[in-house]
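Enquirer: Please find one structure pasted underneath; my questions will follow.
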Amino acid sequence: MLSKYQPSAHIAVTRAHWEDLHQAISSGKVTIDGNSLTLADVVAVSKFGCYARLSENRETIDAINESVSTLQECLDEGHHIYGVNTGFGGSADSRTDHLASLQRALLQLLQSGILTKADIGSGDTPSQSHAMPPEWVKAIMVVRSNSVARGHSAVSIGSIEAILRLLQRDITPVVPLRGTISASGDLMPLAYIVGAIEGNPGVFARAGKSPHGQALPAQQVLEQLGIPRITLGPKEALGLVNGTAASAALSSLVLYEAHRLALLSQVTTALTVEALRGSAESFHPFISQARPHDGQMEAASNILTVMRGSRLAMGTSEVQTGLVQDRYSLRTASQWIGPQLEDLLLADRQITVELNSTTDNPLIDSVSRHFYCGGNFQATSVTSAMEKTRLALQMLGKLMFAQCSEMIDPSLNNGLPTNLVADDPSLSFTMKGVDISMAAYMSELAYLANPVSSHVQTAEMHNQAVNSLAFVSARYTMQAVDIVSMMSACSLYVACQALDLRVLQLNFFRELHPIVCNGTHDAFHTILAPKELERITQQLVTAIQDAWLTTSRMDAGDRCQRVIKLSLPILLNEMRGAIPSDRQQVDLLTSIGNWEEATCYKMLEAYKQTHERFCRTQNTVEYLGAGSKAIYHAIRHKVGVPFHQGFVEQPSADDLDTTAIINGREKKTTGGWISLIYEALRDDSLTGVILEAVQPVRSI
């Protein structure tokens, strides 16, 4: 089955998943029929508690029942069927008539994972859990139920409904985190889920929402809740454990978040372009049309959409000083992001197909009444999807790291304060720690990007000489999702601060012209003609603004003095050409000295007043592109992360009631604010805003 979202742009796929998720959440249920399970359905059941139920469609029910009856007919005719009356794997040369015991023997060999007392809640909290998170287990349960509902596995309706009943009653088996090589599927994790539905007292489960509460033996949990135990039929243990459900389920959770992070990387790129007053020209359609890769064209278009109407990003016709073109982290962002979008789309197709596939062995064709021994359990397609996704995340993280560093570094950020401090940099280092954290995140992310598939080891009597390691790859890719989410939170925090400081700077520049104009008039109106005063004033304003951009490492008072001194050559040069000879007796040095002192004082006062007003009320949104405005507003108001005012923000045990708050809000550490953004990203509450910023619904 091909994904219903293909072919399409990446943002269309991301939006479709998000809309499907919220539709499922709104309806409160997901129907399992073996053919239509989506990434969004898996997320809805595992993360949002949607009710999963087996379809009552006649075709689905008949296919399941026919596979069971076909198996029984073949057994009655004396056929030898792999895993039903033979041994398993490299031991398939053995035969037995003890069919029920054989299925129990399979579970015995597979329930070999490590779980400590702490993992089941009867010991001290472990420093590192050996059990899967509950949402992973729930995802596995819904994916496996969907796969065997296709009617190729001889798994009965009763067994499928037993798994779904655990989900419906919010019962989560405790499943070991490690131990599967995703060769004959994810045998070991699935064996613990099967153990739970048969009431194995050696398998543990939790009822309710607490992931760290004490788990009880599955037998006890089922008895307490009045849930009947399942007695497995001739192929049911094999049919339930022999499949790629664990890998496909975790990959679904990974991809849902990876799509969002890829979209967010385009948003943070646009925010960075605006904050650094970069050029929108880098994303002009002509450039993409000259090299028409689908991903590049989409990324460039999306970035431009976010910046539409921006008063900060430079257009193609504007006169620019400094670099004539942006550095690579901005100028080539669409070329960098584009291939990652293409890879994620392919990964999405692979996982969507896997969700709606039969992945056990042997497979039953109820029409021909034939059993086929094959290898659909080899989860290499899932590995392929996860390796691509993890590398894409590394590439996106690297771009965010480069852009973030550029915004923080005063040598690269086009005149923003060093470390993006809002106060004096001699005693405030706002984003320096964030810069260091980003380097730490990036280093770990780069390590995780290494392939897992190249580390395959031979297993199980050389029968499993090649194995996919799909679940291991998915685990590491989920770690990459976590790290890139942290980096994204940092990037959003840094970008919003940089945008605020840029607008604060522009507010201050607006105050400069009257200060310089009045100061020049007061000092030199008896010496220069009005037209000469106007010309010199404009040149001084330009020189002062340029000097302001190059002195961002200095405290405000020293900075104003330095800026004025740097502008003096302009004044002296213009004076020399403008003063007639009969005025040479005038004490120009005194006039210039008075101008220097007065202008410096008024400039500093204007900066302090502008800064004070801005700390109370930010007018940043007036300058932002429409998409950037939506993101900025979400961070500042929906998430509640404010403009960082500097050293005064640091919480202290010595704070009085009056100093423990700023502008009516509490103080937090820098990491405390970033953590709020991180949580909003992970709980999906910002996805709608991100989608709207990149592709407003009205424009679809």
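Keep in mind that glycine also has a Cβ here, set from the backbone N, Cα and C atoms.
The following feature annotations were taken from Swiss-Prot:
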type     : residues                                               : note
ACT_SITE : TYR82                                                  : active site, proton donor/acceptor
BINDING  : ASN242, GLN325, ARG331, ASN361, LYS432, GLU460, ASN463 : (E)-cinnamate binding site
MOD_RES  : SER184                                                 : 2,3-didehydroalanine (Ser)
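Thinking about packing and proximity, how do these listed features fit into the structure?
Expert: Under a cutoff of 8 A between CB atoms, and with a sequence separation of 6+ in the same chain, the neighbours of TYR82 (active site, proton donor/acceptor) are ALA92, ASN361, PRO362, PHE371, CYS373.
On its own chain, ASN463 ((E)-cinnamate binding site) has GLY89, GLY90 as residues at least 6 apart in sequence with a Cβ closer than 8 Å to its own Cβ. Under the three-state DSSP scheme, ASN463 ((E)-cinnamate binding site) falls in the coil class.
The Cβ of SER184 (2,3-didehydroalanine (Ser)) has GLY89, ASN242, ASN361, PHE377, GLU460, GLN464 as same-chain neighbours under 8 Å, each 6 or more residues away in sequence.
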Enquirer: What is the Cβ neighbour count of LYS432 ((E)-cinnamate binding site) at a 10 Å cut-off, with all protein chains included?
Expert: 16
Enquirer: Quick one: what's DSSP say for LYS432 ((E)-cinnamate binding site), helix, strand or coil?
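Expert: SS state of LYS432 ((E)-cinnamate binding site) = helix.
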Enquirer: Over all pairs in ASN242, GLN325, ARG331, ASN361, LYS432, GLU460, ASN463, the listed (E)-cinnamate binding residues, work out the largest Cα-Cα distance in Å.
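Expert: Across ASN242, GLN325, ARG331, ASN361, LYS432, GLU460, ASN463, the two farthest Cα atoms sit 58 Å apart.
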Enquirer: Would you mind listing, in sequence order, the residues at least six apart from GLN325 ((E)-cinnamate binding site) in the same chain with a Cβ closer than 8 Å to its Cβ?
Expert: SER279, SER282, ARG331
